Amino acid sequence: MVLIRVLANLLILQLSYAQKSSELVIGGDECNINEHRSLALVYITSGFLCGGTLINQQWVLTAAHCDRGNMLIFFDVHSLKGLNKDVQSRVAKEKFICPNRKKDDEKDKDIMLIKLDSPVSNSEHIAPLSLPSNPPSVGSVCRIMGWGAITSPNVTLPGVPHCANINILDYEVCRKAYTGLPATSRTLCAGILEGGKDSCKGDSGGPLICNGQFQGIVSWGAHPCGQSLKPGVYTKVFDYTEWIQSILAGNADATCPP
């Protein structure tokens, strides 16, 4: 009953944002149901929506700015308009955010680990995505996915996850696009220089997958989404692998890299 009620609320949320529009998704298409096995839908009871990535049977990685109180995490969700009998739902038992994260800057160290109240079971449409063994190189083709907006600035939420291919860009592209970025950063700059492909509202916390490896977490970007010379900024997962492994090993006091 809880699952039915929550998915009904998600549908209401999706319909409440919908605008009459013939525009296509921001550079992407509906994901193949077999390509988002690690994608988690992170739902907060207030209606706030994020994505996440299953990294093993009991842990999900998402963005720290998605931390909004009580969380329900769903797996094997495709359409928000209909119940899939194989959907698995879990409660966030514990949440871990970098202890050295700047409290007044939600863009800083935008990464959060969620421990589920019980492990999920692998299935045809549920499987974890392993952490990266190396960082991505500039020019790498990467996949973004999520239930986020398919039009911007007028928001239309699609009700099914959409996927698009973007590229890893030189960090200097983002420094030119957004004032105030530091000279070095534990983030990835990714997008299409001419615009038209981008993550957007509701995609936060979802994965950036490059050559089959989980390389980034959707963090922030320009509004409206998909502007030329305004790529997205993604948390660089590779730089946090030691912290992630420490938390998974039981070291709750582990500190993130500066």
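Placement of Cβ uses the backbone N, Cα and C atoms for every residue, glycine included.
According to Swiss-Prot, the feature signal peptide maps to 1-18, an assignment based on sequence analysis.
Feature annotation from Swiss-Prot assigns domain 'Peptidase S1' to 25-249. Per-residue confidence over the domain 'Peptidase S1' (25-249) averages out at a pLDDT of 94.
Residues near Cys163 (disulfide bond) in space but far in sequence (CB under 8 A, at least 6 apart, same chain), listed by position: Gly28, Asp29, Glu30, Cys31, Asn32, Glu35, His36, Arg143, Ile144, Met145. Secondary structure from DSSP puts Cys163 (disulfide bond) in a beta strand. Taken from Swiss-Prot, the feature disulfide bond covers Cys31-Cys163 (among others), and the record attributes it to sequence analysis.
Taken residue by residue with DSSP, Cys50 (disulfide bond) is part of a strand. Long-range Cβ neighbours of Cys50 (disulfide bond) (same chain, at least 6 residues apart, Cβ-Cβ under 8 Å): Val42, Ile44, Thr62, Ala63, Cys66, Gly202, Ser204, Gly205, Gly206. Summarising the annotation, Swiss-Prot assigns disulfide bond to Cys50-Cys66 (among others) and lists sequence analysis as the type of evidence.
In the three-state DSSP reading, Cys98 (disulfide bond) counts as coil. The disulfide bond annotation in Swiss-Prot covers Cys98-Cys256 (among others), and the record cites sequence analysis as its basis.
The disulfide bond feature in Swiss-Prot is assigned to Cys142-Cys210 (among others); the stated evidence is sequence analysis. Other C-beta atoms found within 10 angstroms of the C-beta of Cys210 (disulfide bond) number 22, with every protein chain shown included.
DSSP gives Asn154 (N-linked glycosylation site) a coil state; it is part of no helix or strand. Look at Swiss-Prot and you will find Asn154 tagged as N-linked glycosylation site.
The disulfide bond annotation in Swiss-Prot covers Cys174-Cys189 (among others). Neighbour density for Cys174 (disulfide bond): within 10 A of its CB lie 23 other CB atoms from the protein chains shown.
Look at Cys200 (disulfide bond): DSSP puts it in coil. Taking Cβ-Cβ distances under 8 Å and a sequence gap of 6 or more within the same chain, the neighbours of Cys200 (disulfide bond) are Ile26, Gly148, Ala149, Ile150, Ser152, Gly221, Cys225, Gly226. The disulfide bond annotation in Swiss-Prot covers Cys200-Cys225 (among others) and rests on sequence analysis.
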Cα of Cys142 (disulfide bond) to Cα of Cys189 (disulfide bond), in Å and rounded, measures 11
According to DSSP, Cys66 (disulfide bond) sits in helix
One should report the C-alpha separation between Cys256 (disulfide bond) and Cys189 (disulfide bond), rounded to whole angstrom, as 20
